[in-house]
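First the structure, in the form of structure tokens, and then the observations on it.
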Amino acid sequence: MKFIAENLTKLRTISPLVQNITNYVVMNSTANTLLALGASPVMAHAKEELEEMIAISSALVVNIGTLDEYWIPSMEKAVKIASDLKKPIILDPVGAGATKLRTNTALKLLDIGNVSVLRGNFGEISALLGEHGKTKGVDSAVYDNNEALNISKNASKEFNTVSTVTGPIDYVSNGKEIYSISNGHEMLSKVTGTGCASTSIIGAFLAVEEPLKASVSGLVTYGISAEMAFEESFYPGTFQAKLYDWLYRIDEKLILEKAKVNRIDI
């Protein structure tokens with residue numbers, strides 16, 4: 001898909017500032033992921049500076065991986081500010097379905113503002129739609145290909161957003177059309193925070209593209225980088241380092257050669 005390659009070039013040209021309210025576990029790796037790709041990360045959580053920080057940012061990433069009584073109000077305020085400023089927002093409902101706190105927080109954030117993209121695994125998005133039993137901790141316990149497609153479509157319509165359900169095959173839907181993406185590698189599941197990193201990558205692409213194609217661009221770019229990284233390293237530690245390298249090295253030519261994307265009309 002030519003638009004994916006073109007979007008990568010646009011992203012690197014402007015190096016968008018991406019404001020992240022993300023979790024303690026992945027903060028460092030997410031920042032390094034964005035830097036390797038060509039974006040500029042900032043991780044600001046204090047309520048007192050959110051308005052100024054979001055005003056100068058190109059997109060807002062909200063990740064609910066480590067919630068507490070301080071972070072939840074910051075997330076709520078950030079989503080409200082970004083909505084008022086018409087900044088694109090991507091929400092990662094980490095662990096939705098595992099606890100009521102996570103599920104209810106994600107649903108409230110979806111209700112507060114105009115979330116551009118909802119990105120989660122099969123179990124998390126299922127839980128937000130009220131289908132229980134598909135989340136194991138923060139990981140998806142059960143994956144069904146056909147059901148994942150339907151969940152992506154249904155979540156988009158339910159929450160009026162682009163819904164991205166990631167798994168062995170990723171599905172991205174705006175309620176009218178769906179893209180399926182087969183890029184990626186199973187080694188990503190052996191490194192913590194790779195799903196969170198993909199969310200932030202989509203956030204960076206939101207600076208240069210509308211939500212549906214930004215999501216496709218982010219997932220394909222990350223997936224191809226993972227495939228190339230595994231060709232050079234078969235173990236989790238060095239795979240992560242190689243993943244940074246390939247996010248830095250990936251270019252338009254490689255995307256055009258290796259993108260595995262199908263567009264599905266609903």
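Using N, Cα and C of the backbone, Cβ positions are placed for all residues, glycine too.
Residues annotated as substrate binding site in Swiss-Prot: M43, G193. According to DSSP, M43 (substrate binding site) sits within a strand segment. Neighbours of M43 (substrate binding site), defined as other CB atoms within 10 A of its CB across all chains, total 15.
Long-range Cβ neighbours of T166 (ATP binding site) (same chain, at least 6 residues apart, Cβ-Cβ under 8 Å): R119, G120, N121, F122, G195, S198, L219. According to DSSP, T166 (ATP binding site) sits within a strand segment. The feature ATP binding site is assigned by Swiss-Prot to R119, T166, with sequence analysis given as support.
Spatially close to G193 (substrate binding site) yet at least six residues away along the chain are V25, V26, S29, T30, judged by Cβ distances under 8 angstroms.
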